[in-house]
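Input: a single structure, listed below in structure tokens.
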Amino acid sequence: MLFLCVFGFRRAHTLTVLFILTCALGYVTLLEETPQDTAYNTKRGIVASILVFLCFGVTQAKDGPFSRPHPAYWRFWLCVSVVYELFLIFILFQTVQDGRQFLKYVDPRLGVPLPERDYGGNCLIYDADNETDPFHNVWDKLDGFVPAHFIGWYLKTLMIRDWWMCMIISVMFEFLEYSLEHQLPNFSECWWDHWIMDVLICNGLGIYCGMKTLEWLSLKTYKWQGLWNIPTYKGKMKRIAFQFTPYSWVRFEWKPASSLHRWLAVCGIILVFLLAELNTFYLKFVLWMPPEHYLVLLRLVFFVNVGGVAMREIYDFMDDLKPHRKLGQQAWLVAAITVTELLIVVKYDPHTLTLSLPFYISQCWTLGSVLVLTWTVWRFFLRDITLRYKETRRQKQQSDQDRAVGNRDGHPEPDDGLAEPRAAEEEATKEGASAF
């Protein structure tokens, strides 16, 4: 990507892209015979339409907050966001059966119900009954999702840039898995799988490495030099590697307790994060996709690329003091995609979503909601009233003390009722002296 930038590809090259695109369409139209396969032509036409839109977006779309490794890279993912949202809306407007069978056009193996794997079962860490491998329960959980958890939380930490928010989201998602395991068997895991393997090892280690990377990025000197101005080969290679690091660095200071506005915004960010995480599991459940299918992986790769831009735009939106603020385009699309995915889940399997929570689970969530609401009212309403009342009392006591000190020094303050007669008497005395 850096070599493209060096040889002039920092420009959009709108005419070049238009010429190449026109030549490609002309070749298909004039020199290629159209097959008589309706299904093939439909797929081909849809793919061609998407490619034309991506070409237009990469060259014409507005740049976002990121410029590395290349602005066109982030414009590409912005256009992919539009395509994905349109695809979700199309699926939303189909019947449940048609929507599931439509995925056969993407992959013929889809469109059939798949059993969910139950991660619960035998939760013994050391199974004495199994003499050949007593730790077989632990080894069974060490699948490809373990490094996926670590990498995922490393990248999420780079997006959020705050240790507390990352830990809150990580722990809350485990509570959500506990709460919703009666709906999705995939959420049924052993206690040590929840808290040791997920929260402490995979998530915790990913967050730790992410925070160390953020610390390095915040201390790094951002002074860029052209590739041809670097004399040594080692320096050129280092410059190429640094092309994939940020052009400059912005430290995120969310400060959720500083104002009610920021508190509600941070709570909203956490809720959208958790909803996007849940959509991963519920979408593959209602659309009959196996967990290892490449579409599930592509969705995660998509959110990794658009999530960082969306978080930066949200942070800029919160810190912008202009009266007419506008949410960034990528953040707007991510919010729309998350809501659309939720609507698909609601439409395609309302029975699963309406399964009532166990009584003790509902009690725990009610208690937690009441505690959060109580803290919000105290922090942003009652506490401010109390602080203003204490400040008023302090100022009044300070004024009384200053007046008492003045009286002890022999300089009593004039009484308001005697001030005017005393001034009149002094004026009369001056007039008499003048007449004499």
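Positions of Cβ are set from backbone N, Cα and C atoms, glycine also.
All TrEMBL annotations are machine predictions without curation.
According to TrEMBL, the compositional bias 'Basic and acidic residues' annotation covers 394-414.
Taken from TrEMBL, the feature region 'Disordered' covers 394-436.
Here the transmembrane segment (12-31) has Cβ contacts under 8 Å with residues 48, 52, 55, 58-60, 72 of the same chain, all six or more residues outside its ends. Marked as transmembrane segment by TrEMBL: 12-31 (among others).
The transmembrane segment annotation in TrEMBL covers 43-61 (among others). For the transmembrane segment (43-61), same-chain residues at least 6 beyond its ends with a Cβ under 8 Å from one of its own Cβ atoms are 12-14, 17, 21, 25, 28, 72, 75-76, 78-80, 82-83, 105.
The transmembrane segment annotation in TrEMBL covers 73-93 (among others).
Residues or ranges marked as transmembrane segment in TrEMBL: 263-282 (among others).
Residues 64-66, 74, 77-78, 80-81, 84, 106-107, 148, 152, 155-156, 158-161, 252, 269, 276, 280, 283-284, 328, 330-331, 333-335 of the same chain lie 6 or more positions beyond the ends of the transmembrane segment (294-311) yet place their CB under 8 Å from a CB of it. Summarising the annotation, TrEMBL assigns transmembrane segment to 294-311 (among others).
Per TrEMBL, transmembrane segment is recorded for 331-348 (among others).
Here TrEMBL flags 360-381 (among others) as transmembrane segment. Using a Cβ-Cβ cut-off under 8 Å and counting only residues 6 or more beyond its ends in the same chain, the transmembrane segment (360-381) has close neighbours at 178-179, 257, 259-260, 263.
Below 8 angstroms of C-beta separation, residues 78, 81-82, 84-85, 88-89, 91-92, 96, 99-100, 272, 275-276, 279, 282-283, 286-287, 303, 306-307, 309-311, 313-314, 317 of the same chain, each at least six residues beyond the ends of the transmembrane segment (331-348), sit close to that stretch.
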